[in-house]
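A short write-up of the structure that comes next.
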Amino acid sequence: MITVRTIPELRAAIAAHPGTGRPGKGRPAFVPTMGNLHDGHIALVRQARPLGDVLVASIFVNRLQFLPYEDFDSYPRTWEADCAKLEAAGCDIVFAPRESDLYPEPQTFKLQPDPQLADILEGHFRPGFFTGVCTVVMKLFSAVFFASGGGTAVFGKKDYQQLMVIRRMVQQFALPVEVVAGETARADDGLALSSRNGYLSTAERAQAVQLSAALRALAQAAQAPGAPPLAALEQQALQTLAQQGWAPDYLTVRQRHDLQPPAAGAAAGTLVALGAARLGSTRLIDNLEF
């Protein structure tokens, strides 16, 4: 495994990789991360391994997707541990640009995603978040896939809305990138693995599973014969979580394909329950397809 910092170094490393010398081959598989890797990230890397001829993972904490009061400065940087995990998972190239490598000048040209998809849920509570995500992902896609003419990128379902936004971006710009979804990795008690779980106190960690439990309960209630309107079920779920000591932003059921409220009688297998809530000072998100 090798590490590169700049876009020219990355493109040269991809071109020089032994896998790119075979006829008809040379397409990268790519997993973007912000570092502080856990088993969920590594599962995505292992999933990506057979999907390309050279496996690239990026580590870059993207300032553009943090709000001024969020944890950009305190976000854990665990470089040596991350590299060891990536190498063990079969990664070929780690792209770890400095901020000056990816943003050599002020990023005044940014991507504005579809507001119907990006200004709801996470986008409502974190305005500008998906502009930052789309801008950096477009830059990373350009860096990784430009020379090869395309490839595969793996994103986790844990960040469900982000996955939908990236897929829409790829579709709208006709990018030669296949976006593959990875299942959410969970702890034994059901808590979705997240880099921010490390912020939880011991007591909060024991309580954190309540978020995934609330989503399961909401999904089950929504599917029950003669169920009340979704708005009433969502309000009840919010109240229950608040009574347990959380500060919820949203608990809601949406259509998977566009994250809009479902039509009456929506078929099973087309919906997703999504939630975001703060436990103490830590904001967690999760989702459940059903």
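Each residue, glycine too, has its Cβ placed from N, Cα and C.
Per Swiss-Prot, these features apply:
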- H41: active site, proton donor (ACT_SITE)
- 34-41, 156-159, A185, 193-196: ATP binding site (BINDING)
- Q65: beta-alanine binding site (BINDING)
- Q65, Q162: (R)-pantoate binding site (BINDING)
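Around G40 (ATP binding site), the same-chain residues at least 6 positions away in sequence with a Cβ under 8 Å from its Cβ are G156, K158, G182, T184, A185, A192, L193, S194. In this structure, the recorded positions H41, K157 were compared by how many other Cβ atoms lie within 10 Å of their Cβ, and the smallest count belongs to K157. When the alpha carbons of K157 (ATP binding site) and Q65 (beta-alanine binding site) are compared, the span between them is 18 angstrom. Of all the recorded positions in the record (H41, Q65, Q162), the one with the smallest CA separation from S195 (ATP binding site) is H41. Of the recorded residues, M34 (ATP binding site) and the residue listed as 'active site, proton donor' place their C-alpha atoms 10 Å from one another.
A simple way to gauge crowding: the CB of L37 (ATP binding site) has 23 other CB atoms within 10 angstroms, across all the protein chains here. Counting in whole angstrom, H41 (active site, proton donor) lies 19 from Q65 (beta-alanine binding site) by their C-alpha atoms. Counting other C-beta atoms within 10 Å of each candidate's C-beta, the binding-site residues Q65, S195 are led by Q65.
Cβ neighbours within 10 Å of Q162 ((R)-pantoate binding site), excluding its own Cβ and spanning all shown chains: 21. L37 (ATP binding site) and the residue listed as 'beta-alanine binding site' are 18 Å apart (CA-CA, integer value). When secondary structure is read from DSSP and collapsed to three states, M34 (ATP binding site) falls in the coil class. With respect to their backbone Cα atoms, Q162 ((R)-pantoate binding site) and L37 (ATP binding site) stand 18 Å from each other.
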